[in-house]
Amino acid sequence: AAVDIQPACLGLYCGRTVLSVNGSVETYGDCGVCPRGQRTDDNKICRECTGSPDRYDWLYLGFMAMLPLVLHWFFIEWYSGKKSSSALLQHITALLECSIAALVTLVVSDPVGSLHIRSCRVKKLSDWYTMLYNPSPDYITTVHCTHEAVYPLYTIVFIYYAFCLVLMMLLRPLLVKKIACGLGKSDRFKSIYAALYFFPILTVLQAVGGGLLYYAFPYIILVLSLVTLAVYMSASEVESFKDLLVRKKRLVVLFSHWLLHAYGIISISKLDKLEQDLPLLALVPAPALFYLITAKYTEPSRILSDGGNGH
């Protein structure tokens, strides 16, 4: 297409919108912010995002979708009490809420009515923080060119969290009121109150650290899953395979952590080369096996008794 000779468009993310197309000749507007769903090309022209998220993008969105679900499950378990039979139904309800929210978010995203989404490719970290790259040509006037260069990976998470919150407020109170008979009146809704705290925190986390999370989430998953598994097995006094088999709940927690390990490994490797990356999944049970094998040697009472015998 023929390009008109115009003053240079300054700024990393400023571009000119296409006003009209006459054959091979395009007419451009003034240098400024690109409309939603567009980002600048190499010639500083705003072009519509026509790609689709790659595998890593979907893994990132999956991680951001899992965060509220895992927190829901944690606080439901934390406040349900050992004798309460309502925990399982609340877990299932939380899963249902997040699943419906994810589907609705995909349906309302462009193209509307489809589970596919149209996106721009993430090229570098600065794509997430276009507000930091607004140019000041004369060092007085700032040209505001802030737009979603990673469309829609930034805003789709906020939309998902909003749907999660709305569905939770519609479904969970009715369920808890009916089935949480084993809990006191003040304890019944504590898991819901906790969600009213962690949803704003997750929103701020995405707003401020979305780009950092995009590049770091596989390593965050691995570190957190390792730490939480070790803490849980230590708190539950699991020291052998027999201790794991005593309660089904422990096996469920173990397999959940294994799924998180596998998710982290897949996210790091991206499964670009299946013959090299798939064998890495054999490492998933390794941390738990290492803990079970070495737990009896690191028990505090044993260490203290051995130290006392030494003296």
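Even glycines carry a Cβ here, placed using N, Cα and C.
Whatever TrEMBL says is automated annotation, not expert-curated.
Pulled from TrEMBL, these are the features on record:
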- 58-76: transmembrane segment (TRANSMEM)
- 88-108: transmembrane segment (TRANSMEM)
- 151-171: transmembrane segment (TRANSMEM)
- 192-213: transmembrane segment (TRANSMEM)
- 219-238: transmembrane segment (TRANSMEM)
- 250-266: transmembrane segment (TRANSMEM)
- 278-295: transmembrane segment (TRANSMEM)
Task: Tally Cβ pairs under 8 Å between the transmembrane segment (151-171) and each listed stretch (88-108, 192-213, 219-238), then give the stretch with the top tally.
output: 88-108
Message: So, taking each listed stretch (58-76, 250-266, 278-295) in turn and counting its Cβ pairs to the transmembrane segment (88-108) that are under 8 angstroms, which one gives the highest count?
response: 58-76
Message: Using a Cβ cut-off under 8 Å, which residues of the same chain at least 6 positions beyond either end of the transmembrane segment (219-238) come close to it?
response: 63, 213, 244, 250, 253-254, 257, 260-261, 263-265, 267-268, 287-288, 291-292, 295
